[in-house]
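Let me begin by presenting the structure, written as structure tokens, before commenting on it.
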Amino acid sequence: MKPQVQIIALGGTIACTPDSAGSGVAPGLTGADLVAAVPQLAALADVEARNLSNVPSTEIGLPLVIELAAAIRAHEDQGAAGIVVTQGTDTIEETAFLLHLLHRGSVPVVVTGAMRNPSVPGADGAANLFAAVACAADPQCRDLGVMVAFDDVIHPAAWVQKRDTSSTGAFWSPAPLGWMAEGRPALYARPPRSPTFDPALKAALPFVPILKPGLSDPPLLVEAALAAGAAGLVLDLAGGGHVLSSWLEPLTDAARRIPVVFSSRTRGGRVLSRTYGQVGGEIDLLKRGLRGSGDLDALKARLVLMLALMTGTPERFDRFTDLSWRSAADARGTDDPDNTSTGRL
């Protein structure tokens, strides 16, 4: 008996069709259309498809991802062996990471899409969909949480980033879980599961902007964000977490009122905590009450902070900043029936 895999389609390039006026492409194909275009899926699983939306990925907001997480739980309860989510690539790293923070089940959740729409030569959607279904249907992928399958690479949702505007190999992670080999996933790493937030989120969305100062930028953005009612701030700073000295006074004031997190605009490596002692360095920022984002880039730090604020537990932010596998192993012995700190990916 073949495993049951549920595809939940959200739109994006993988579902795009040309406009009749010749003004580009836009989402138009349904999940059922995507399945029909790849008959080889039938050899992997009994595949069913549904649409939760059919929009460009920039239109995917946190409420839709919360609805998506609820749909995933429902399909797992109904016996699905795995879930595939198709969407536009521009926000895959955010959707996948949010699901990573909300998915508590055992079934694999695999997010994929396409860089080339179905109407152009070398369209990659069919291959990516096949790889995603192969992962979702494979028992060895159980308890791996959320993955992104793209260009025959299987990435962990906690680490994946989109690094190119048009290449079919646009997605990158420092430690892929594995690769596709002859139509099957070949896994070379099995990270522990990370802590999660309560997936039944109903609070209003907090306003948490990302501020990215450049050379000589005045701190007006900090003041504007506070005036606009920001519930938290994420700073995308130079190097290991360094800011202009002119920003220090407003940031210190902000940190007394709301959570203020700093990340590195390099999008690689861990934010520093004890190296640079100059004014505006990471040691200075921490003394002023700001929080470092650890391994999280600004996009991911913002999502963690938003969920922490929505659950009324902003102090939990620090539990999600260490993505190292060793820290997860060290935390496995904690008594935590609510799965809030049993490890970090």
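Glycine is no exception: its Cβ is also placed from the backbone N, Cα and C atoms.
Since the structure is predicted, the reported quantities are computational estimates derived from the model, not experimental observations.
Take the substrate site that TrEMBL assigns to T89, D90: the candidate from S23, S53, S57 listed for it is S57. Cβ neighbours within 10 Å of T13 (active site, O-isoaspartyl threonine intermediate), excluding its own Cβ and spanning all shown chains: 25. Its Cβ taken as reference, D90 (substrate binding site) is surrounded by 17 other Cβ atoms within 10 Å in the chains shown. Mean pLDDT for the domain 'Asparaginase/glutaminase C-terminal' (211-313) in this predicted model: 98. The binding-site residues S57, T89 differ in how many other CB atoms lie within 10 Å of their CB, and the one with the most is T89.
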